[in-house]
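Structure first, then comments.
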């Protein structure tokens, strides 16, 4: 089949635009499990911060190594400027997303025809959640891209592109980056195995070698950076499944993915998805099984997030494409409806919702270029990991935030620093800064906190210098705005 040449430049241009139109924060992991770790790897450990998972060996260095390599490259070229450190990894992710879009198109074109492929490609480009997530430096994003690449080599009936070695290698890399990537592939690999004539060959010549090479590589990378042998995937499994400590980050009812998770990430694609499931040829049933299986497995874990099921979205888009293609006379109206209904949530979540935590960092970054950098110190009084850290400042500014590692010692009365602060903000501040010489020059916090700590601010001589918009839907400890307060005396010298 001839490869459509103009498709890749179009995808690259669209995803680059996508990248520039996403200026909000989604979850802490996009910084704390990727760029912050990479920053510490590339520019020295003291110059950054690794969260508790790294001390416990729950995360592997393979994924951050991708970004650390980019950082090292920029440093060697003498271009490690903060804007490049922020945007180059995201543009790289955007380029990968563009290749994945084209792969999805080629796969459907190869299995069906160009018409259906166009519809699937259109649905993929329209998806607001893909727009929101595909240029972020999240392991879930990488897992989704690798899933699309692997799918294009998966030996589905009627495919001549099938290559066991290639698709297994891509899944293996995804599992090294994020162990849960194994979940959607269980039914797919099983189905392939059952149809495989030479079962022993498949295991001996494909599964085992690919497994050994990837696990081996990941072990060596982690050995280099941890300084000791660590089997990260095993620790991750123990923590999240056997000890179920993920609930520390919140738990949801079992039906959450069915009633909220999937409907929200599918958005207005939902009716097309359901229609497509009814229409699609029988050989695509395995894709539907994959979606249902993945949603059910994740439903059994108490900690649930939208991004966990992001990797099944491309499977859903295949069904949406079948639906769109069948709507003969209505196709144009349906396509316009999809485009317009996804445009608003995509732009709103990308440009408006939760943008303060990135904006405040570019504001604090200005302290780096001031004569007063050596005296400056910043205390971030927000739910922990609300903002990125050194990857968005890239200078040796004294910064501190409230920490919140889960209790790993089994202590009944365990309270993390963030909870201790929020249970009595004023008392915590007075106790922490009993001595005025310890006071930070800058305080950063959400607007909801202002009233409660105003006696402390007045007494210690802080004044509000900046107000930054964050969200229209403040909840609990997260306010609509972020305030930056500065200590007055510092500037009078």
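Each residue, glycine too, has its Cβ placed from N, Cα and C.
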For this session: Give the range, chosen from 235-251, 286-302, 337-353, 354-370, that TrEMBL lists as transmembrane segment.
Result: 286-302
Exercise. According to TrEMBL, which of these ranges is transmembrane segment: 119-142, 143-166, 167-190, 383-406?
Worked result: 167-190
For this session: Scan 44-64, 65-85, 86-106, 254-274 against TrEMBL and say which stretch is down as transmembrane segment.
Result: 254-274
Seminar exercise, completed: Note: vs the transmembrane segment (308-327), the recorded stretch with the largest number of Cβ pairs under 8 Å from 167-190, 202-221, 254-274 is 254-274
Problem set entry | Non-local residues, at least 6 beyond the ends, that sit with Cβ under 8 Å of the transmembrane segment (202-221) | 60-62, 65, 164-165, 168-169, 172-173, 175-176, 192-193, 196, 229-233
Exercise. What parts of the chain pack near the transmembrane segment (286-302), using Cβ distances under 8 Å and only residues at least 6 beyond its ends?
Worked result: 156, 183-184, 186-188, 191, 240-241, 244, 246-247, 251-252, 254-258, 261-262, 277, 280, 308-309, 311-312, 315-316, 318-319
